[in-house]
Each structure stands twice: as C-alpha cells, then as structure tokens.
Amino acid sequence: MTTMSFFTVLSVAVCLCIEAGVEGSRLNGRDMLMQEESPLMERNALKYDSRLWPDGVVIYEFTSLRFYRKLIKRVMQHIADNTCITFKERTNEKGYVNIYNGKLFTCFADMGYYPFKQRLSLGLGCRSFGAILHELGHVLGLYHEQQRPDRDDYVIVYKDNIQTGALRDYEKRFENNTRVIGPFDYDSIMIYGETDARKSGSVTMKVKKPGATLVNASLKHELTALDIKKINTLYNCPGKDKF
C-alpha cells in the first residue's frame, strides 16, 4: 500500500437510524467509519500493529459535550481498569480522536489509530455508558461481533429486515483476511441487539444458542470478560489475561 493511498479518506455515508418510541435513545444502526477500506482492516479487530494506538495510549480531545465529559471519562476509566489501555487528553499530538456532539442521533467512530485527527461523534442516541463504551471499542480497533467469519454458527442475520444504511455493519468477512480473536461472545459490547437497525416491526438477528439473548449496547454497563481478553490480546497487554 502506498503512502498516498493510506492517507486517502474514503467518503462513507453514515446513517445511524434511531427508532421512535421506547428504543429512541438506543444505539442503533451504522456507527463506524473507516479512513480507508483495505486489507489492513479486520472484522473482529484490526490486523496490523500500525493501526493500534501506540503504547496503548489513546489521545483524545473534547470540542463539545461539556455536560457528558464526566460520563465519558468514567467509561474510559472502566477500560483502563481492565486492560493496559490508557487515555490522555491532547496537548499537541497529531494523532488523536476528537470527541464531539454529532448531529441529532448520529453516532460513529473512526476505526483504530491514524497519525492525524479522528472523529468520535456522540449524538443524542449515544449518551449512555454502554453506547459510549461501544464507540470507544471501535476507537481501539474492535469491529462488530456479528461480522466475524464464523458468525453463522452462532446467529441468524435477516438481511432483508435491515435498514439499507446499516447493511455494511452486518457484512460477514472472509477468513483469509481476518484474524478472529477468541470465541464468539453473545454478550459483547460490540454486538448489536436483535432489533437494531431494523425496518419497522422486524427482527434483524436471532441467536442459535438456546437461552442466549442479544441486547442493545446502550443497555449494557461493562465490558465482558471476553471483550477484555480481546483488547488485552490485541494490544499484547503485559501481565493481563489474553487469548
């Protein structure tokens, strides 16, 4: 890959579709951006170390969300308490994530690390502990659990029931360009709920395991043990439990 192509920004249409009524405040639909679609990008986690935050230090900057900063920092601390990841407010670093108030219900994050300004948009639909944790998972380099190449062994995806703008988040990736970390996790902070991104009155995903459920990330309050091990493995955290 050439330097020029690496820094080319892919213009991606992002649509975070929030359903009305009781689900109106939940994370739902398309919520991640990629600076470039390339073999560097895995679908369980980023493939190459060059796309991970150097030394596991995530540099961030707030440009809005004044009244939500304490909550966002609590989510960051939850990650730091369970992994070797640390979060540092920006001084003059070139590579950092800008955290801001997105338009209406727009929630998305640029994937992994780049040596320039990245975005983490937290609109009205993403201001819960779980939704912020989900987006920070993308910032660290985690993709959606339902995109794993082995996902069909664990869930049924109903593509016809998914809103067009969110179909990309349900695309299954191939084993030849994907490194899968750990077992499938029905409870992962990175998996969608069974009605997320749905067309009216339909289900987008069902589990194959009896007794398992799929819950919207906005209703969750922590990383699972498997989420933690995946991050620790991805960043090769010393002294931490890894796969």
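If you go along the chain as it appears here, the first residue is 1 and each next one adds 1.
Cβ from N, Cα, C; glycine included.
The feature signal peptide is assigned by Swiss-Prot to 1-24.
If you look up Swiss-Prot, you'll see 44-238 marked as domain 'Peptidase M12A'.
Classification of CYS237 (disulfide bond) by DSSP places it in coil, neither helical nor stranded. Under the heading disulfide bond, Swiss-Prot lists CYS84-CYS237 (among others).
According to Swiss-Prot, the feature disulfide bond maps to CYS107-CYS126 (among others). In this structure, CYS107 (disulfide bond) is part of a beta strand by DSSP.
Note on GLU135 (active site): other Cβ atoms within 10 Å of its Cβ, all shown chains, come to 26. Residues or ranges marked as active site by Swiss-Prot on the basis of sequence analysis: GLU135.
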Can you tell me how many other Cβ atoms are located within 10 Å of the Cβ belonging to CYS237 (disulfide bond)? 18
Please list, in sequence order, the residues in the chain of CYS84 (disulfide bond) that are at least six apart in sequence and whose C-beta is under 8 Å away from its C-beta. GLY56, ASN232, TYR235, CYS237, PRO238, GLY239, LYS240
Using the alpha carbons only, what distance in Å do you get between CYS126 (disulfide bond) and GLU135 (active site) once rounded? 9
So how many other Cβ atoms are close to CYS126 (disulfide bond), meaning within 10 Å of its Cβ? 29
